[in-house]
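Look at TrEMBL and you will find 39-60, 66-88, 135-156, 189-210, 273-291, 297-319, 368-389 tagged as transmembrane segment.
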Amino acid sequence: MFTTQNSHRLPSELEVMPFILRLMEFIGLWGPPGQIVRFLAAFGWGTMIILFPKAVLGIGSDRFDAIAKGIAEFIFEGSLFVATAIFASKRIAFERLIDGLKEIFQRATNGPHSNDCYDLLLRQNLSINKFVKGYTIYCCFGPFVFCVPSLAASHFRYWTHSGNQSEPLIFELPMEQEFYGLQIRTNFLHYHIFVLLSLFAYFVCAYFLLVKVSVHFIMIQYSSSTYRLVALRIRKMTESKEVTQSELVDIVELHRLAYRCSTLVEQICHLPLALEFLTCILFWCLTMFYVSNNIDFNPVNVMVLFWLSLLETFGYSYLGSKLTEQADEVGAAIYDLPWFEHSVELQRYYRLMLQRVQRPTGITGAKFFVVQLATFGSVVQMSYSYYLVLKEALTMI
């Protein structure tokens, strides 16, 4: 358990993900527990507009490339909603993590070498704020980018279509699906009703994606920074003329808190990350197949999802590798100490940290695999291999 220190308050520039917590409070994932009804309402809307029609009513097309696109979209949206629901169920662990990070930041910025720790955390928060605000802007425009090409193409076809042509007028859908009996592919009014309702559902998806990606990225990054703080304190301690027991005890406690935070991050992230890595293989495979068979404006929608999934998976892999490296850096900093010159009492504290460092630290996918850059390379290679197999199989039919 963490015990937040109330004697010192973090300055505003060192607050733990304040912007994201406000976004979470708006959707009901932070703040008073009763506000969870907002999340449930948004979750229900997205499910009834996107997931339920695809899963129950079908894709609505007999072309295999359209079916592949519809399945890929369902995989992307389904994994997003499931991952967000899993995160919502981990609220207690998330609250403990926030308290733990606050305690670590307070200890680091009010103890020895506080200026160096302050500068490290300040630079990190500035980078995080830039990323979050940029990603927020992207997610705000994402639904429009997703809908506008299909809507523009459908209007062009409608206003240039001659009634005496033998081929029927078919509207372009943002997503391949049926919609509760409406003739969304051929009826002008039904099509616009569907697009309008879908646009609100796409905003729900964008909001969920913003919260999911930002929170997971920032949690892993903060966990890496806690180990950087510990390594910084150890290396600064070696520069001093004398190692005091009180300072060493403070560093040992800081290391314990950092390890506890990384354990909470693993507890919160391991299921959503396993879902992301396992579903992205099939999603990328189907997306590559669809794009290779539709060289026009149609793949714009699915490519928006493809790049989001690719960057998200790479981000998890990069940050996972960085977390492992920073945790190992603590061990390297301890080994660099002239510990053999110190008293037996001080060496006892060194052993405590070394025993903790020997435990593997990182992010896993449901405890089955470690999330790191090598994992990302394997997933990309596997997806492309499956795409080639699928393409060859369909060529032979």
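Using N, Cα and C of the backbone, Cβ positions are placed for all residues, glycine too.
In TrEMBL, annotation is done automatically, which means it is predicted and not curated.
Note: the stretches the transmembrane segment (66-88) and the transmembrane segment (189-210) are in contact (3+ CB pairs below 8 A, sequence gap of 6 or more).
It is 189-210 that, among the stretches 135-156, 189-210, 273-291, 297-319, 368-389, forms the most Cβ pairs under 8 Å with the transmembrane segment (39-60). Of the Cβ pairs linking the transmembrane segment (189-210) with the transmembrane segment (135-156) and spaced 6 or more residues apart, 3 or more are under 8 Å, so the two regions touch. Same-chain residues lying 6 or more positions outside the transmembrane segment (297-319) and placing a CB less than 8 Å from one of its CB atoms are 69, 72-73, 76, 142, 145-146, 149-150, 153, 172, 174-175, 209, 213, 216-217, 220-221, 224, 273, 276-277, 280, 283-284, 287, 290-291, 363, 371-373, 375-376, 379. A Cβ distance under 8 Å defines the sequence-distant neighbours of the transmembrane segment (368-389), meaning residues of its chain 6+ beyond its ends; these are 273-274, 277, 280-282, 284-285, 288-289, 313-314, 316-318, 320-321, 324, 362. Counting only same-chain residues 6+ beyond the ends of the transmembrane segment (135-156), those with a CB under 8 A from a CB of the stretch are 23, 171-174, 191, 195, 198-199, 202-203, 205-207, 209-210, 213-214, 297, 300-301, 304, 308.
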